[in-house]
Structure formats: C-alpha cells, structure tokens
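J.: Mind looking over this structure? Questions follow.
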Amino acid sequence: MKPMYRSRSWRRKYVRTPGGRTVIHFERRKPKVAHCAMCGRPLNGVPRGRPSELRKLPKTKKRPERPYPNLCPSCMRKVMKAQVRASITA
C-alpha cells in the first residue's frame, strides 16, 4: 500500500474481482452536505460530490432553481419579506 493511501482521507472500497480475489480500491471521500448560509440547516436539492463530479452535471442539477439558492426555503422567505418591507417604508 502506498503511504499516501494509509491516511483515512481516502475511502476504502472492497471490490471482488472476476477472478474471485477481493481488492481494495481507494477513492476520495464525499464532501459534507451543503448548509444554509443563515441557519445552518442542510440544503435539499444540492448534490454531495467532489468538484470534478459536479462539473459534469448541468447547472440546474447543481443548485435549486429559485432566488437565494444558498439559503433554505424558510430563510429565503424571511429575507424576501425583509426586502419588501424595507422597500415599502423607504
């Protein structure tokens, strides 16, 4: 085993070969799930993947198709309400 693979930053995937041997394939771990910028809740509709994997996805699959895709829906509503209320009073 190469010294670089000894660290646990590489995921160990056990693969059975056609010859019947079990070998270890090393692959990078998936990053953590995306979180809301305001409250920190996990975001739905944002895939977990390394940048090289996400690069292959179309733009609509990388993030939600709504205003403020970096916020969860409830925080997005709060921000939009605050903007509207600020524009009414100004």
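Yeah, the Cβs are placed from backbone N, Cα and C, and that goes for glycine too.
Quantities reported herein were computed from a predicted structural model and do not represent experimental measurements.
Take a look at what Swiss-Prot says about it:
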BINDING   Cys36, Cys39, Cys72, Cys75  Zn(2+) binding site
REGION    41-72  region 'Disordered'
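Give me the structural setting of these features: burial, nearby parts and distances.
T.: Secondary structure from DSSP puts Cys39 (Zn(2+) binding site) in coil.
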J.: Which sequence positions outside the region 'Disordered' (41-72), separated from its termini by at least 6 residues, show Cβ-Cβ distances below 8 Å to it?
T.: 28, 30-35, 79-80
J.: Ten-angstrom check, please: count other Cβ atoms within 10 Å of the Cβ of Cys39 (Zn(2+) binding site), all chains counted.
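T.: Summing over all protein chains shown, Cys39 (Zn(2+) binding site) has 11 other Cβ atoms within 10 Å.
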J.: Can you give me the same-chain residues 6 or more apart in sequence from Cys75 (Zn(2+) binding site) with a CB-CB distance under 8 Å?
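T.: Spatial neighbours, sequence-distant, of Cys75 (Zn(2+) binding site): Cys36, Ala37, Met38, Cys39, Tyr68.
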